[in-house]
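One structure is given below, encoded as structure tokens.
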Number of protein chains: 2
Amino acid sequence: MKKGSKISNAVIKRLPRYRRYLNELKRKGVDKISSRELSDLIGYTASQIRQDLNNFGGFGQQGYGYNVEALYNEISSILGLDKEYKMVIVGAGNLGQAIANHTSYYKAGFVVCSLFEVNPKLVGIKINDIDVRDCEELVPYIEDNSIDIGIICTTKDAAQEVADKMSFAGVKGIWNFAAVDLEVPETVAVENVHLSDGLHSLAYHINRNHYFE
Amino acid sequence: MKKGSKISNAVIKRLPRYRRYLNELKRKGVDKISSRELSDLIGYTASQIRQDLNNFGGFGQQGYGYNVEALYNEISSILGLDKEYKMVIVGAGNLGQAIANHTSYYKAGFVVCSLFEVNPKLVGIKINDIDVRDCEELVPYIEDNSIDIGIICTTKDAAQEVADKMSFAGVKGIWNFAAVDLEVPETVAVENVHLSDGLHSLAYHINRNHYFE
């Protein structure tokens, strides 16, 4: 990436998708790909792709296309996926457990260090070998273990209080599965998960009976 | 929407997001909004927003902006959210249970009719008052109950076989949580959930220490 250049949030949101498709191409042994071929694959227009990838410079060559591996590595590095992140999950219900069990995060450098729960029946158990602790211990645990990311899998009502504690204790980012907009300090990044968006897109395609990605 | 006009998949993917923000504005009693104000809120550029919403026509007026409620209703109708959808979940592990318990889908017209499982310990129990049936019963159940949407919450390895059965039995759409690309007939729409994308965007923002939505 060019030093000091600023990439828009919309582009950042598209990068993980580019990276997924590039990974797939790498696995298939593809060395280079044109913006038009990428367009067919990913579903963005070729001009959008060229514009997006121009942010990093130097990978597309007229008449040659993009070097798949170099572009994959560059995007991974821009996203910060060459580092390790320590995470905690608050809320050890079904969703929190599902995430704790999702071991592919670990391979990608996202390590769940502990879960936290208010329900005394769950405090003290282990999920995927990870301890479930009392929510009272959340702040000191984050401080003592330099946790980077807090994952909120609580109810809507509890989410803001949990976000306040996480922010106070010093997490750098919050991955929020509760359907509520959180207020956090400007130094804390928030990524909201809106599962229903996918279901709503699906409803459109069902009605139109189109095939799509 | 203009009769016969075709909206690109990229626009369709953005509509649920527009709808969420418009719903929030409605709740706050906002009647109209300019593309610039929408841009500040949603994070797309004003010109992108005008271009997207031009697909439906008639809602933006120079110097006035968009009528929030009319635009919300139009987008809901385009997405097909004025109808009811019958769904089944295959895989009654943590993730399947989390979705079955997520009652806000019901209010939005997405009704989970049954779960299906291969694990005999789970077959026969109820989750959120919904029966967990043996996977062997999947095809006749979908046929007999005119199920619209199949939700795949199985392992990667089982997902394609489940998708085959769902497609054979006549679902119109598949909401796929397994991290694998499915092959389905062109008449079946697929929406893949890539949870990690959000985590990867978060990693970027943590490293840049920027505030974002």
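From the backbone N, Cα and C atoms, a Cβ is placed for every residue, glycine too.
Sequence annotations record features per position, and here TrEMBL assigns DNA-binding region to B:17-56. As annotated by TrEMBL, domain 'CoA-binding' applies to B:80-181. What TrEMBL records for B:GLY91, B:ALA92, B:GLY93, B:ASN94, B:LEU95, B:GLY96 is NAD(+) binding site.
Structure coloured by features recorded in TrEMBL.
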{"residue": "B:GLY91", "record": "NAD(+) binding site", "Cβ within 10 Å": "26"}
{"residue": "B:ALA92", "record": "NAD(+) binding site", "Cβ within 10 Å": "27"}
{"residue": "B:GLY93", "record": "NAD(+) binding site", "Cβ within 10 Å": "18"}
{"residue": "B:ASN94", "record": "NAD(+) binding site", "Cβ within 10 Å": "20"}
{"residue": "B:LEU95", "record": "NAD(+) binding site", "Cβ within 10 Å": "25"}
{"residue": "B:GLY96", "record": "NAD(+) binding site", "Cβ within 10 Å": "26"}
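B:GLY91 (NAD(+) binding site) carries neither a helix nor a strand DSSP state and counts as coil. Checking the binding-site residues B:ALA92, B:ASN94, B:LEU95 against chain A with a Cβ-Cβ cut-off of under 8 Å leaves B:ASN94, B:LEU95.
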